[in-house]
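Enquirer: Per TrEMBL, domain 'AAA' is recorded for B:2-159. Per TrEMBL, the feature ATP binding site maps to B:Lys11, B:Gly12, B:Gly13, B:Val14, B:Gly15, B:Lys16, B:Thr17, B:Thr18.
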Amino acid sequence: MSIFNFFRAAPRASAVQAKERLQIVMAHERAGRSGPDYLPMLQQELLAVIAKYVNIDENKVEVKLDRGGDCSTLEVNIELPAREQAKAAAAAKTAEKSAGNDVGAAKRPAGGAVGNGGAKKRI
Amino acid sequence: MSKIIVMTSGKGGVGKTTSSAAFATGLALRGFKTVVIDFDVGLRNLDLVMGCERRVVFDFINVINGEAKLNQALIKDKRIENLYILPTSQTRDKDALTREGVEKVLNELSKDFDYILCDSPAGIERGALMSLYFADHAIIVTNPEVSSVRDSDRILGVLNSRSRRAEQGLEPVTQQLLLTRYDPERVEKGEMLKVDDVLEILAIPLLGVIPESQAVLRASNVGMPVILDEVSNAGLAYSDAVGRFLGEDIEHRFVTPQKKGLFSRLLRRSA
Ligand SMILES: Nc1ncnc2c1ncn2[C@@H]1O[C@H](COP(=O)(O)OP(=O)(O)O)[C@@H](O)[C@H]1O
Ligand SMILES: [Mg+2]
């Protein structure tokens, strides 16, 4: 192997990336196999609680997940409706702003109930 | 109204998922808003090939069952504008795919997307049938190998009899051949079926020939559709195939053994 090849192959060969990706995704899958898929229920319950206080449009709920090796993040963005008066007052100006008005955002590392542990955890 | 494409083959392991990822990416690169759907319920793989496996929250089946909204299950590609993935469930089975459920999701996607690409599972049972039922266009992924060619013929029969277009007596689903894992050197040695042999047997138009290529494994290792590897033969061949699908007239490449290099090329020329 030439020095050139050595340096090119060394940092992150595609096979190394393949292994890392598989370890992460499969650790989560194996952990989840025993229990029910809790995400749909988690979402419904979260929404039910929030709906007690504000009107929310179910189509404006965004759920994002990033499964990592040591920690996963679940991000729930709920767009809250703009107040009626506020809407009337600054019609065009707030149009964009209100879309980013996600007060209900809950971002949490998922060591506990929300995500399923790290890559090393096996069930 | 969007166009629905099914990537199908009958046989497993011939390159449907590789081709679905490449094709969807190619259409999006050309500016079409595209979603690629994994119909292989229980054996999710498109997410790995597209490199979005860590971001799957909800899936196609959750949407069919009303457990999640479509926009929550759709994953936006991080590299390519206009490209979305709808992953499938890893835990349920194919019975979760009801015709009404699939239709509802496709109708909703139709409002928003130019192309809906359905990655079919192997076989000719429920999952495969659901993935082709609503199709306008079928891309038949075939390897130059006897069992693959025969299974492709079976699938053509199914498209002609059991698709929505067939059942309702509409204009038939268009059918084009994508011959993958083609090895021109083995063809030249007489060890592998030629493009023309396969075309003669299946008698459908040729969309493209994708050469056997090491770039495909490299791309799937890192979760990148191979069409983004612009120096690979396979990537270029997919790009050409997308162009042809959109009506461009592009000559087929990589169907004859590659010249060995400048030296042998010069020798050849002077010969
Ligand atoms: N052109 C090609 N060159 C080399 N390997 C390929 C090619 N196309 C597909 N493969 C490999 O073949 C295997 C099956 O491909 P896949 O797309 O998963 O098939 P299917 O979805 O039809 O089951 C994978 O390992 C893939 O990397
Ligand atoms: Mg597949």
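Quick reminder: no glycine exception, Cβ is built from N, Cα and C everywhere.
Mind mapping these onto the model and telling me what they sit next to?
Expert: Secondary structure at B:Val14 (ATP binding site), taken from DSSP and collapsed to helix, strand or coil, is coil.
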Enquirer: Tell me the Cβ contacts of B:Lys11 (ATP binding site) under 8 Å, same chain only and six or more apart in sequence, or just say none.
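Expert: Correct list: B:Ala122, B:Asn143, B:Ser147, B:Ser148, B:Asp151, B:Ser152.
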Enquirer: May I have the list of same-chain residues other than B:Lys11, B:Gly12, B:Gly13, B:Val14, B:Gly15, B:Lys16, B:Thr17, B:Thr18 whose Cβ is within 8 Å of the Cβ centroid of the recorded ATP site, in sequence order?
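Expert: Residues close to the ATP site, other than B:Lys11, B:Gly12, B:Gly13, B:Val14, B:Gly15, B:Lys16, B:Thr17, B:Thr18: B:Ser9, B:Ser19, B:Ala122, B:Val141, B:Thr180.
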Enquirer: Identify, among the binding-site residues B:Gly12, B:Gly13, the residue whose Cβ has the fewest other Cβ atoms within 10 Å in this structure.
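Expert: It is B:Gly13 that, of the binding-site residues B:Gly12, B:Gly13, has the fewest other Cβ atoms within 10 Å.
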Enquirer: Show which residues of the chain containing B:Val14 (ATP binding site), separated from it by at least 6 in sequence, have their CB under 8 Å from its CB.
Expert: B:Val141, B:Thr142, B:Asn143, B:Ser148, B:Thr180, B:Arg181
Enquirer: May I ask which of the binding-site residues B:Val14, B:Lys16, B:Thr17 have a CB within less than 6 Å of any atom of ligand 2, listed in sequence order?
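Expert: If the test is a Cβ under 6 Å from any atom of ligand 2, the answer is B:Lys16, B:Thr17.
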Enquirer: Neighbour count, 10 Å Cβ-Cβ cut-off, for B:Lys16 (ATP binding site): what number do you get?
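Expert: For B:Lys16 (ATP binding site), the 10 Å Cβ neighbour count is 31.
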Enquirer: So if I draw a 10 Å sphere around the Cβ of B:Thr18 (ATP binding site), how many other Cβ atoms end up inside it?
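Expert: There are 27 of them.
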